[in-house]
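K.L.:
Quick one: structure below, then a few questions.
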Amino acid sequence: MQMDSPKSPLQPPTYGNLVTILSIDGGGIRGLIPAVILGFLESELQKLDGEEARLADYFDVIAGTSTGGLVTAMLTAPNKEGRPLFAASEIKDFYLEQCPKIFPQDHFPFSAAKKLVKSLTGPKYDGKYLHQLIHAKLGDTKLSQTLTNVVIPTFDIKHLQPTIFSSYEVKNHPLKDATLADIAISTSAAPTYLPAHFFKVEDLNGNAKEYNLIDGGVAANNPALLAIGEVTNEISGGSSDFFPIRPNDYGRFLVLSLGTGNHKAEEKFNAKEVAGWGLLNWLTHDNSTPIIDAFSQASSDMVDFHLSAVFRALHSEANYIRIQDDTLTGDAASVDIATVENLDILAKTGDELLKKPVARVNLDSGCNENAYETTNEHALIKLAGILSKEKKIRDIRSPHAKAPIRI
């Protein structure tokens, strides 16, 4: 049989029918949930195109915020052979092994009081192990060297504005060509949990730019809309990679957006309870940070509402796949309680989410509702087929693609 080599890079959308986008939300240790989903999708692509198939071979853009930004870097950074540094199947084990070291849990007497005092005087974790780990894995690889286009948001605490690290922008703004390590550390620097990150970038002419960054979730916890915006800007700018696609041609966009779970179904708080809260309760309550959780969830949901409405209005609902779990409870809804038991629960949540029906947000209630009889698992199997076909079409049409191989 004949099969396209999975080692050939993805040819630009101008040679295909679709613009393919993968987006991964922020959420700390809850990144385990999309890690499971991504592992399943990649395994389905491997069934179609061989064991060397990787997600970066199929998506024009991979966007990620916070923990999703770290996953994005891991999926797109090249190894010595010029292939993705991590297979998607390896990310789940990475979380299970490394999260307890990134977010060490104190089980000694009075640990709760100790954590409270520490959270009021500085970040809950010093981030040293996380920084060492990211530098060890990603090295000096720069944004311009990723194997497909990436979009990773951060927030500049000095200028109080978002700073978006985008493969598209770096072509014209070399002072944004930071290392993936610095970008991943920055987008993960969640206020109250991890320290802000400072670094400098210098170009070949000796010009320098300083960055003072915190978690990208402050700006866009769900980066799907950012990714679409970056592509739209490229199309509007006349990029040959996208001709003849039009900026508003959402029927040509294929978006997979992965959430990291939330506790909406738990209905954890109510107005009567929080009416008497002061600054302390909003910042730390029952192993959570309610004010930060509220902003992050609102940010993610607004993007989901917008994209659901737009794709529905353009009769392209099938082109927008949002996989999210609203049923987390207790410690599972936290971003940092990295006990073995809790991490196992999150991994199982990812497995169970695959078996759940495909859901879409109800634009009136804001809740996810079952939209089809098919499951997320079957939707991903179908998506793998579409992605594989799209890649093959581009390889056939492009004069730059490697010749197909026979096996």
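Every residue gets a Cβ built from N, Cα and C, even glycine.
OK, Swiss-Prot features for this one:
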{"type": "DOMAIN", "residues": "22-228", "note": "domain 'PNPLA'"}
{"type": "MOTIF", "residues": "64-68", "note": "motif 'GXSXG'"}
{"type": "ACT_SITE", "residues": "SER66", "note": "active site, nucleophile"}
{"type": "ACT_SITE", "residues": "ASP215", "note": "active site, proton acceptor"}
{"type": "MOD_RES", "residues": "SER398", "note": "phosphoserine"}
K.L.:
Ranking the recorded positions SER66, SER398 by other Cβ atoms within 10 Å, which is at the bottom?
P.N.:
SER398
K.L.:
Provide the number of Cβ atoms within 10 Å of the Cβ of ASP215 (active site, proton acceptor), excluding the reference atom itself.
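P.N.:
Neighbour count, Cβ to Cβ under the 10 Å cut-off: 30.
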K.L.:
Fill in the CA-CA distance, the residue listed as 'phosphoserine' to the residue listed as 'active site, proton acceptor', as an integer in Å.
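P.N.:
Roughly 39 Å, rounded to the nearest whole number.
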K.L.:
What's the CA-CA gap between the residue listed as 'active site, nucleophile' and ASP215 (active site, proton acceptor) in angstrom, rounded?
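P.N.:
Rounded to the nearest whole number, the Cα-Cα distance is 6 Å.
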K.L.:
Average the per-residue pLDDT over the domain 'PNPLA' (22-228) and send me the rounded value.
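P.N.:
Mean model confidence (pLDDT) across the domain 'PNPLA' (22-228) is 94.
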K.L.:
Helix, strand, coil: count each for the residues of the motif 'GXSXG' (64-68), based on DSSP.
P.N.:
2 helix, 1 strand, 2 coil
K.L.:
DSSP three-state call for ASP215 (active site, proton acceptor): helix, strand or coil?
P.N.:
coil
